[in-house]
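Notes for the one structure printed next.
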Amino acid sequence: MAASQPLPTSSATPAALLAHLSAALSAPNWYLHPSLPHLPVLLAPSLPQMPDVPLPVRLAAATARAAAPSRHLLSLSLPILFRLHSLSPSPLRPLFDRSFGSLLTHLSRFALTPLILRLFAHMHLHSPPAPTGVTYNILIRSLCRRADLPRALRYLSLMVLSGWHPDAYTFNSLIVGYSRTHQTDAARDLFDKMPLRGFPRDVVSYAAMIEGLCETGRIDEALDLFTKMELSDMHTYAVLVKGLCKAGRGEEALQMLQRMKKLGWRPSTCAYAAVIDLWCREQRVVEAEEMLEEMSDKGLVPSVVTCTAVVNRYCKEGRMSDAVRVFETMKLRWCKPNVWTYNALVWGFCKEGKVHNAMALLNRMRAHGVEPDVVTYNLLIRAQCVYGHIENAFRLLRLMEGDGLAADIYTYNALVDALCKNGRIDQACSLFDSLEGRGIKPNLVTFNSLIGGLCKCDQVDVAWSLLEKMVSAGCTPDTYTYSPFIEYLCKMKGSQEGLSFIDEMLKKSVKLTTINYTIVIDKLFKERNYGLATKIWGQMVSLGCNPDAVTYTTSMRAYCNEGRLIEAKNVVSEMNRSAVTVDTIAYNTLMDGHASIGQTDCAVSILKHMKNVASMPNQFTYLILLRHLVQRRLAEGVPLYVAGLWKTTRLTDIFELFEIMKKNDIIPNTDTYSAILERFSEDGRSKEVTSLVSRMKDDNLSLNEDIYTALVMCLCKSRQYSDAWALLHSMIGCGFVPQLMSYQHLLCGLISEGQAHMAEEIFGNCRWEDYNPDEIVWKVIIDGLIRNGHSDICRDMVSKLEQRNCRPSNQTYAMLAEELSTRG
């Protein structure tokens, strides 16, 4: 049958030629196959013609040469060489030594240790040719590189028993092996003994020893050894760069990199990657990206790990446009993003509250051959929970299971916690009870979430039973477990009950934390029991529990309520001395204290200190300032409740606040406008919103995504749907991706106003490609149209999505059918 195969031509690939040879050799009369005499030239055209050499030996040499370029070809060639060797008569077998040696070299270059072991075993069992000293050295080096030192030492013993003596190559390999198994002292002992055994130490010896010292954190010893090298190579420099970066000595690593360039060497991918990774860890991401660009300019292809480190750092700093830019350039650098890269972006978008952008990445991943994993879904489920879309979180769970992924405890922890915080305690308990049947064991976080939820719903007895179940399950309670009980007791029965509970915890040798004490201290301050609060504070510190930002803010609030602002300011000073971050809540508390006694300028001046991420002004900051300005405008004795503040606030109050800010050298910025516009928008005060936007433009401030979203919602509440659509269109033109809730409100509003045709036209013109099709159906069609009684229009809209190649998953089609059957 093999003889009937067509003869291969010069256009055949090496893999096809090797497959053809393998098939030919499996035939009973293989030596009669007409293609065999032609295969050596086809497999290795550059190989010298050797007509006097027997055909099996020529085929072996050609096979070894053809396999050299790739791992795949090498794996194909090994059984062919074994077959040729086994089929050859005994006198020919010694002639395979060069082919086996050539193949060993190629296998070593690709670090294919399992194949090297197979070749060695064949040579050992079916000699000649028997393994030589070179064969042993290649095998020992390969094992040492894999940190498989025990096996390397066994082959060293076999080498000696076979009459071969270790040489400098062997010593260098063992230095590598001992170094990579973190036996640095043993490696150094071998290194020092080399001259005594008559073996000169070369660049490989030094590089291996320096690498071992770097890996075990002995960087200064590595640098000292480096100075003793007569000649160094690029690899040694790269090892030192990596070692210095690992030790956090970035500037020295950079100097080493510059020295490499001055010597005319192009730093390796490994050296660049080490510096980039360090810059990312040290939050010097701009420098990391510059280094990435330098790599590309020098023709080096960065690994996906290196590129992902830069993307991840930008995400952690909230610079999502930069993260996306680096992500997009990865393809230009021939670096394909993997699931970790996408997960970094998903995490970043979720952290910034742009869950719709994160959801859209699910489609993009699949389109580029990357399947989302459990981490991807867990990030999205948690984000949907955090931003109040619990139903979407459960829908994602269905999608996750439809993809064949098993939800884990982190998935269910997010869902249980969200249900508890939403007051849906019965559903949370039901989900908790179902975990055992799903083969999932609740952990500390699961128990803590449910205990906290039960206590907040005044089901303390059930919470206590759950605590007992938790302990019996072998899960040790922590400070977060006990805090809800202390909080409940303080709230319902007063501070003394909370203190009694703490005393019981101490008697049971439970380690208390600042969080536990802060709950009681806060209640004592509210009860105006300052003496006991101070005493408990001292007890807390004496037990090694240092006050945190919440504890300090608790005392600051008490001082402000008493009008003792000097003491309140002293608390801020104490926080700074103790290296405790003064956050937004702390500053807002102090600001409220000043404003409550009419010191508006002092209150506004606090804004100057609110500069870092932890203390950025928020809606409550401006609410505090405006409340006191509005109260001053109202008649004395007229009550002003926080809930109605924004309805009472006039534009003149806002402008007065801006003037006071400017007087204190604080210029209102986009964030200032955003905080105020969002609250006005929630109340549907479109006239005030429009005026503030005009004022922004006069101040040369651009609208950000949050402001656009707030404006659209405001216009929808005011039933100004044409203006809302125009604004959405403008928003898209500025490069923003509107939230799906904006479309939900706009489309539902239009249909309710009898403008279904316009709603369909808008739906047909939307850029749905920027979203996840499942989320479009969930938020716009199911939660929006169907649940607002507009089922009749839904099928047409789903068809429009399908025509745009935005097909939802089978699970979502099932959800849609369920909703239509129950509400349609």
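From the backbone N, Cα and C atoms, a Cβ is placed for every residue, glycine too.
As written in TrEMBL, here are the features:
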DOMAIN    649-816  domain 'PROP1-like PPR'
REPEAT    167-201  repeat 'PPR'
REPEAT    233-267  repeat 'PPR'
REPEAT    268-302  repeat 'PPR'
REPEAT    303-337  repeat 'PPR'
REPEAT    338-372  repeat 'PPR'
REPEAT    373-407  repeat 'PPR'
REPEAT    408-442  repeat 'PPR'
REPEAT    443-477  repeat 'PPR'
REPEAT    513-547  repeat 'PPR'
REPEAT    548-582  repeat 'PPR'
REPEAT    669-703  repeat 'PPR'
REPEAT    774-808  repeat 'PPR'
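Here the repeat 'PPR' (373-407) does not lie next to the repeat 'PPR' (167-201) in space: the count of CB pairs under 8 Å, restricted to residues six or more apart, is fewer than 3. Broken down by DSSP into helix, strand and coil, the repeat 'PPR' (548-582) contains 26 helix, 0 strand, 9 coil. For the repeat 'PPR' (268-302), the residues of the chain that approach it from at least six positions outside its boundaries are 234-235, 237-238, 241-242, 245-246, 248, 250, 253-254, 257, 260, 309-310, 312-314, 317, 319, 322, 326, 333-335, judged by C-beta separation under 8 angstroms. Here the repeat 'PPR' (443-477) has long-range neighbours at 409, 412-413, 416-417, 419-421, 423, 425, 428-429, 432, 435, 483-485, 487-488, 510, meaning same-chain residues at least 6 beyond its ends whose C-beta is under 8 angstroms from one of its own. Helix, strand and coil counts from DSSP across the repeat 'PPR' (233-267) read 26 helix, 0 strand, 9 coil.
Taken residue by residue, the repeat 'PPR' (373-407) breaks down under DSSP into 26 helix, 0 strand, 9 coil. Under 8 Å from some Cβ of the repeat 'PPR' (167-201) lie the Cβ atoms of residues 133, 136-137, 140-141, 143-145, 147-149, 152, 156, 159, 208-209, 211-213, 215-216, 218, all in the same chain and six or more residues away from its ends. Across the repeat 'PPR' (513-547), the DSSP tally of helix, strand and coil residues reads 26 helix, 0 strand, 9 coil. Residues of the repeat 'PPR' (303-337) grouped by DSSP class, helix first, strand second and coil last, total 26 helix, 0 strand, 9 coil. Here the repeat 'PPR' (408-442) has, by DSSP, the following mix of helix, strand and coil residues: 26 helix, 0 strand, 9 coil. Note on the repeat 'PPR' (548-582): mean pLDDT across this stretch is 93.
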